[in-house]
Amino acid sequence: MIRPSCNSVITTPLVACLALITLVLVGYLSKLDYSVRNWALASRTHTATRVYTAITVLGNTLTLTVATILICLALLAAKQWRMAILISATMAVSSGVNMSLKALVGRERPPRAQLLGVPEHSMSFPSGHTLCSLVFAALLSFLIATFWPKRWQTPLGKVALSVLYVLPWMVALAVAYSRIYLGYHWPTDLLGGWLVAALIIMLVQLLAPWAALVVNPFQKNSTT
């Protein structure tokens, strides 16, 4: 089996991200943006609005910052300082890249007339909620798979591990969709967030080979 080189693994999301930014800047994907956004707005219901209003909070800066600090404190208490540095640095870089790209691209957010929530004054591309929640999901799933106790490797324990491993990714996807549903972002903002998140995750794995952020949850990883 031929394994892709590190360069090709990094280049793919980088090229895709640059291509998407170019298409966004020239307005080539505006028709797709409006079509998907209109579909999402048409699907609004009272119950769904309450659900997605709660879900979107899971991807905001305050929530992810508090969660990251708590995780890092727990890792430091367990003398896993290298892992704590990885988690905190990755989330900080993700936030910095998000803000830099917003300033660089300078894309306006969707019209506020159909916004459900408090207006945000930052630029639209990429979606910071989408980007940072996906990176956080990768980090959290990695921690769950890495530190899952061996004594819990029973059939029931493996089911629980599978659920807990997949759950952060599902939450990240729900957070992303909530940004369209509530009217904060264009669909391509989400795509940009996913591509940048993929690039960051792959760069982390390149710089820290011991940190395989996308892993088989049933394969134990060395953290020391």
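The backbone N, Cα and C atoms fix where each Cβ goes, glycine too.
Unlike curated records, TrEMBL annotations are generated automatically.
Note that the structure is a prediction, hence the values are computed from the model and not measured.
What TrEMBL lists as domain 'Phosphatidic acid phosphatase type 2/haloperoxidase' is 84-205.
Summarising the annotation, TrEMBL assigns transmembrane segment to 12-31 (among others).
Per TrEMBL, the feature transmembrane segment maps to 51-76 (among others).
According to TrEMBL, the feature transmembrane segment maps to 83-105 (among others).
Taken from TrEMBL, the feature transmembrane segment covers 125-147 (among others).
Sequence-remote contacts of a segment are chain residues at least 6 beyond its ends whose Cβ falls under 8 Å from one of its Cβ atoms, and for the transmembrane segment (159-182) they are 36-37, 40-41, 43-44, 48-49, 52-53, 55-56, 58-59, 115-117, 127, 129-130, 133-134, 136-138, 140-141, 144-145, 148, 152, 189-190, 193-194, 217-218. TrEMBL lists 159-182 (among others) with the feature transmembrane segment.
Annotated transmembrane segment per TrEMBL: 194-215 (among others), in sequence order.
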Practice task
Could you put numbers on the helix, strand and coil content of the domain 'Phosphatidic acid phosphatase type 2/haloperoxidase' (84-205), residue by residue per DSSP?
Solution key: 94 helix, 0 strand, 28 coil
Problem - Same-chain residues near the transmembrane segment (51-76), Cβ under 8 Å, at least 6 residues beyond its ends - result: 83-84, 87-88, 91, 95, 116-117, 128-130, 132-133, 136, 140, 143, 171-172, 174-179, 181-182, 184
